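Each remark here refers to the structure printed beneath this line.
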Amino acid sequence: MGAPKQKWTPEEEAALRAGVEKYGAGKWRAIQKDPKFGPVLKSRSNVDLKDKWRNLSACSGPGGPRSSKVLGLPSGGGMRKSMDAGLSPLQIDPLGAFPDPAAYQEMREMASTPSETSPQSYDDFILEAIIVMKHPGGSSSAAIANFVEEHHMVPPNFRKLLNAKLKALTVQGKLMKVDQNYKINTGSSKPRGGQRPDSDDEKAFGRDAKRAVKSKKPKMDIETATLIVRESEEASLVAATRVAEADALAQEAEMAARELETAEALAFELDVAAEVAAYALRPHRKSRASLGGVYCNPIANQS
């Protein structure tokens, strides 16, 4: 046996009613995640909310014993008089269901807060996503869906509704579709209204879209051409520098070759001069030797 469930307090009942009024019956998880209703209903599960709402609906239904007490509805002809006087038949009696007037006022303010997931708010979510992401080429439907789901509470079928919303905003002229992406329309395309435009309007709208796509090409071409020119100029400068360095090295090599030839010629001349000198000395020595022999022979003969 589980722990006995606690009795519902008037504040919890009021939070449940306000949550159902804001999100609708069956959205128990959304009611529990709401920053206003969640703290009040933190001790209740989805099943508890479902069962309690079934009981409240049964007790507050037509002919129910508590319909006049809980909803504060006058019976008989009094209801018609109250409605004629401008009183809502769903107005909750603060003295009957809410002992604390402050709690009743807070719950009424919570219930009167507009739902963040209304169809009109989807348009704001989509425009906010495109503006905040700031994709130059536009935002895809998947990127828009991811942004909205991360920053807002949306129903599970939001992705199915997103395509229809994007088409509607494009027809209204708030968005512009470019290459399967969506951008904020800055005024180049006019709203086409709820009716399908004729062929001339379609052609004009198509021309505007193509013009918006082609308007970026000249700028890109100019930037590319400028970059190519700069690269070619730098390459030409580098090539000229290398050619000048090669010429300088060639001149140095030519001068070195000339010096080497001059040195080789000088060396050859020295070798020739040395050989001539050596050759010139050799006969002179022989002649002196022969003369010396002549002078010595008479003496030798006298002796």
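The count begins at 1 with the first shown residue.
Using the three backbone atoms N, Cα and C, a Cβ is placed for every residue, glycine included.
Model, not experiment: these values are computed from the prediction.
Annotation comment: TrEMBL describes 1-56 as domain 'HTH myb-type'.
Residue counts for the domain 'Myb-like' (5-57) under DSSP, helix first, then strand, then coil, are 32 helix, 0 strand, 21 coil. Per TrEMBL, the feature domain 'Myb-like' maps to 5-57.
The domain 'H15' annotation in TrEMBL covers 118-186.
Residues or ranges marked as region 'Disordered' by TrEMBL: 182-213.
Annotated compositional bias 'Basic and acidic residues' per TrEMBL: 195-211, in sequence order.
Using DSSP to sort the residues of the domain 'H15' (118-186) gives these counts of helix, strand and coil: 41 helix, 9 strand, 19 coil.
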